[in-house]
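Asker: This structure is in structure tokens; I'll ask about it shortly.
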Amino acid sequence: AGMAEEERQAMEGEALLQAIREVKEEHPDFGIKRVWSFLKETKNLEVSEKKVKKIMQENGLIMQDNASSESKPEEGNEEEGKDDKEGEEAKKKKNAKKKKQEKARDKAAFDEWCKKILTETAYLVDMVPADKRLEMPPIFRGYDFTGSLRPAYVTPQVKVPPHILQPDYAEKSIPLGEIEAKRSTLVDIKEGDSIEGMRLAGRLGREVL
């Protein structure tokens with residue numbers, strides 16, 4: 001039984017060696033890993049990479065330098081992965097810096113716009129005497145207010161620039177969505193031809209029934 005097992009292993013080794021030689025003849029530039037992958041994919045040989053490497057080295061199908069270089073392919077991949085990671089981190093830092101600069105420019109532009117508007121409308125406040133600025137505006141006469149939040153004369157509101165986004169209730173006190181919701185519950189009043197059409201539809205419906 002032992003002799004038969006040894007002969008079987010020897011025959012398998014010869015067959016594997018022959019298959020490896022055929023692959024190397026077709027693809028001389030293939031190393032250990034590519035030969036092993038080729039055998040698995042095209043010849044359906046279930047063999048370990050370690051065994052393929054041993055047979056190739058014993059039969060001079062690959063140089064020792066190449067074998068040692070292929071045994072450490074992950075070192076190059078690790079270096080490439082490290083470079084990619086460093087590149088991504090640098091890119092993130094660059095994008096964060098760019099966003100920070102853009103935000104600073106936007107804030108500076110907004111502050112400049114506010115300063116300009118306050119300068120242009122300063123005369124509106126100056127036109128109101130100092131002793132009259134805290135008096136009750138005419139629209140609120142007849143109401144009683146206490147505390148520091150009572151209405152007073154203030155600088156008229158400046159119209160918002162067209163590119164500034166506003167909520168749907170910016171121009172009115174009630175949101176547009178609420179107005180539309182109330183409108184959908186109103187009864188539609190029919191007049192004239194609409195009434196005649198409804199009567200005709202009802203008469204035809206009764207005849208069908």
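Every residue, even glycine, has its Cβ placed from backbone N, Cα and C.
Relevant sequence annotations retrieved from TrEMBL are reproduced here:
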DOMAIN    14-61  domain 'HTH-like'
REGION    57-102  region 'Disordered'
COMPBIAS  82-91  compositional bias 'Basic and acidic residues'
COMPBIAS  92-102  compositional bias 'Basic residues'
Asker: Tell me the residue counts in helix, strand and coil for the compositional bias 'Basic residues' (92-102), as DSSP assigns them.
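Answerer: The breakdown for the compositional bias 'Basic residues' (92-102) reads 11 helix, 0 strand, 0 coil.
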Asker: With DSSP, how much of the compositional bias 'Basic and acidic residues' (82-91) is helix, how much strand and how much coil, in residues?
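Answerer: Helix, strand and coil residues of the compositional bias 'Basic and acidic residues' (82-91) number 10 helix, 0 strand, 0 coil.
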